[in-house]
Amino acid sequence: MTLEEARKRVNELRDLIRYHNYRYYVLADPEISDAEYDRLLRELKELEERFPELKSPDSPTEQVGAKPLEATFRPIRHPTRMYSLDNAFNFDELKAFEERIGRALGREGPFAYTVEHKVDGLSVNLYYEDGVLVWGATRGDGEVGEEVTQNLLTIPTIPRRVKGVPERLEVRGEVYMPIEAFLRLNEELEEKGEKIFKNPRNAAAGSLRQKDPRITARRGLRATFYALGLGLEESGLKTQLDLLHWLREKGFPVEHGFARAEGAEGVERIYQGWLKERRSLPFEADGVVVKLDELSLWRELGYTARAPRFAIAYKFPAEEKETRLLQVVFQVGRTGRVTPVGILEPVFIEGSVVSRVTLHNESYIEELDVRIGDWVLVHKAGGVIPEVLRVLKEKRTGEERPIRWPETCPECGHRLVKEGKVHRCPNPLCPAKRFEAIRHYASRKAMDIGGLGEKLIEKLLEKGLVKDVADLYRLKKEDLLGLERMGEKSAQNLLRQIEESKGRGLERLLYALGLPGVGEVLARNLAAHFGTMDRLLEASLEELLQVEEVGELTARGIYETLQDPAFRDLVRRLKEAGVVMEAKERGEEALKGLTFVITGELSRPREEVKALLRRLGAKVTDSVSRKTSYLVVGENPGSKLEKARALGVPTLTEEELYRLIEERTGKPVETLAS
C-alpha cells in the first residue's frame, strides 16, 4: 500500500469511526456490532503505526474508543479574559440598558441587536493554532480555567481542525446536556442506586469533569458556540449576526436560536415569543442574551470589571408551580437553630425536581398561614432556592392541619428555647449540632477536608471517636481502620487531608468555626483586621465594630461567642493540635497548584525566579509535560518551546509571568523577589 492509498483509507476510517461513535455514545443507537467497531478501530491503528506520518491528535485512536485516557484538569490561562454578563429582569431594565448605551456613545437609539437563547450550561473556551485545536478549558474565574480537552473531544460536533481562520483563535460557547439526555441519565443513576443530578447544568458540569473520557462520551453532552476571543479582530467580521453564521460555516455547532432585533421593543417581542416556547426547547434556557449587533460599537463601549457594556442577559421570570405540602419536618443546624422544612409532592421547576422547601421560622409560617395539606405556589427564589410564594386558600377542603412546633429537640429530646423568631436547642451535646458543626468545618470553603463526608462523620460520632472538630486532629489510623468500608489507603488519605487542613490560616478557620453571622467575607475581614486568633480573642465590642461590614448585632454575637469558655477551650485544643491561628500573607499560596518550566535567558537570575515561584506555592520542574501549567519563555529559548507547543502547554513571556504574579498577589514583583 502506498502512502497516498494509506492516507485515503485512514481518512475514510476516521470519518466512519466518528460517525459510529456518535451513533453509540450520543444517540445510544448503534448501527454495527462491537466486534465490527473494534475491527475498524484496529485497522486504523495498524495503518497509523505503519505510516507514523499519518498520526494526528484528533484521530479516534487518540480519543474515545481507544484505551482509557486520564483527564488532568490542569489550570490553564485564557489568552483573553472570559467575562460574565449583567442581568435585566424586566423590560424597564432592558430599556435602561439601551439608554446607558446611548449615553456612552453620545447618540440616541434604537440600536440593532442580536438576541440569542441563553443556554444554561457550562462556559468553555476552545483554543486553536493554525486551525488545529490545542486545548479546551472551562471558564473558571474568567482568567484561569481548567483544561478539559480530552472530555470536550468526546462531543462529536466540536471541530478538531478548521480551515480559513486566524492563526490564533479562541472560540467561546456552552457545553450543555439536552433535557432528554438528562432524564435518561438520572433514570440510569437511580436504577444503580447512585446519586442523581439536580439539573441539566450540574449534569453537564459533572460529566465534563469525569476522569475517564469514556464516561463523558456516554453522557450525551452537546455544545453550542457564540463568541470569539483571540481572532475576532483578524476575522474581519462586522456584526454578531455575521459571527454566528461564520461559526456555522467553519463547522462549529450553533445550536441555540438567534435573531436580529431593532431597539428594546424589538428585543421584547422576540423575548416574549421565546418565553412561551421555553419548555419546548431541547435544552434548558434561563433567558436571552442581548448584544449590540455592530462589533465596532463593542470596542467603543468596552467592559466593566466583570461584564461587557454592549451585552446583557435578559432573564426569564422564575417559573411557578402548584403542589401540595404533605408534611413538615424539623432540622437542627450547627448552632442549634431548628428549621421547619416542608415536604412537597415532587414538582419539576426550572430544570430540577423540587420536593423540599424551607419554611424558615414560626413567624414566617404564621404570616404565610400555611398548613399541612395546603396547595401552595412554589418557585425558585433567584432561580435557585425553592420557596413558597403563597398558599392557595381557595383550594382548601377543611382537612388541612396547622403546623405544630415541637417543644423538644427532634434530635436529642432536650427542651427547646425560643430566641426571638428562632427556636434553638441549647444542648451542647446534641448530635445534630455536632454533626453539622463538623460537616461545616470540613467543607470545601472552610478547612477543605475532602475525605470527610457526611456518612463518615456519622460513623465517627456514633463510635465516639470525635465529639467536636478538635478531636479530628487526634484521630489515628487504627481508629479509622475499625470503621466499615475504611481501608488503609482511605485512612491514610483522610489523615493526610486532616493534617493539611492545619495550615489553612485564620481566615478559613474563622469561617470554619461558624461564628455567628460570619461568612467568607466577614471571616476575611476579621483575619485581616486582627491578624491572629489571640488578638481577636482579646477584642472588645468596640474593636469588633471597627471591622469592615460588622454591624452591632453581629459584633455582639461574635463577642459573646469569643467570651464563651467552651469556645475558648475549643480554640486552645485546636492550637495544641497545631492548627495555624495566624492570617496568611496575601499571595502566600497565590500560585498553588500551578507547575512552571523555564526556557531561555531571563532578565533576573533563573534561580531567583524559581525561588520566587516556589515561595508563592508553585512547583518548578525542568521538563515540559502535559502536567505543565505554563512554560516561561525568555530570550533564545530551547527545544522546550517546541515540545510545549506540541503538547498544547500555554506559554508566558517573562513580563507576562510578572504580571500574573502581581495580579495574584496584589504586590509588585520587586517587593516579592529576594
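A Cβ is built for glycine as well, from the same backbone N, Cα and C atoms used for every other residue.
The shown structure was predicted, so the numbers you read here are calculated from the model rather than taken from an experiment.
Feature annotation from Swiss-Prot assigns NAD(+) binding site to ASP34, ALA35, GLU36, TYR37, ASP38, SER84, LEU85, GLU116, ARG139, GLU174, LYS291, LYS315; the stated evidence is sequence analysis. Residues or ranges marked as active site, N6-AMP-lysine intermediate in Swiss-Prot (evidence: sequence analysis): LYS118. Marked as Zn(2+) binding site by Swiss-Prot on the basis of sequence analysis: CYS409, CYS412, CYS425, CYS430. Summarising the annotation, Swiss-Prot assigns domain 'BRCT' to 586-674.
Annotated features taken from Swiss-Prot, shown on the structure.
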| residue | record | Cβ within 10 Å |
| --- | --- | --- |
| LEU85 | NAD(+) binding site | 18 |
| LYS118 | active site, N6-AMP-lysine intermediate | 23 |
| ARG139 | NAD(+) binding site | 20 |
| LYS291 | NAD(+) binding site | 24 |
| CYS409 | Zn(2+) binding site | 23 |
| CYS412 | Zn(2+) binding site | 16 |
| CYS425 | Zn(2+) binding site | 24 |
| CYS430 | Zn(2+) binding site | 20 |
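Closest in space to ARG139 (NAD(+) binding site), of the recorded positions given as LYS118, CYS409, CYS412, CYS425, is LYS118, taking the CA atom of each residue. In the three-state DSSP scheme, CYS425 (Zn(2+) binding site) is classed as coil. Sequence-ordered, the extra residues of this chain that approach the Zn(2+) site, with Cβ no more than 8 Å from the Cβ center of CYS409, CYS412, CYS425, CYS430, are VAL332, GLY336, THR408, PRO410, GLU411, GLY413, HIS414, LEU416, PRO426, ASN427, PRO431, ALA432, LYS433. Counting in whole angstrom, CYS425 (Zn(2+) binding site) lies 45 from the residue listed as 'active site, N6-AMP-lysine intermediate' by their C-alpha atoms. Taking CA atoms as the reference points, CYS409 (Zn(2+) binding site) and LEU85 (NAD(+) binding site) are 45 Å apart. Separation of the C-alpha atoms of CYS412 (Zn(2+) binding site) and LYS291 (NAD(+) binding site): 56 Å, rounded to the nearest whole number. The DSSP secondary structure for CYS412 (Zn(2+) binding site) is coil.
Geometry remark: LEU85 (NAD(+) binding site) versus the residue listed as 'active site, N6-AMP-lysine intermediate', CA distance 11 Å. Reported as a whole number, the C-alpha separation between LYS291 (NAD(+) binding site) and the residue listed as 'active site, N6-AMP-lysine intermediate' equals 12 Å. With DSSP classes pooled into helix, strand and coil, the tally for the domain 'BRCT' (586-674) is 34 helix, 16 strand, 39 coil.
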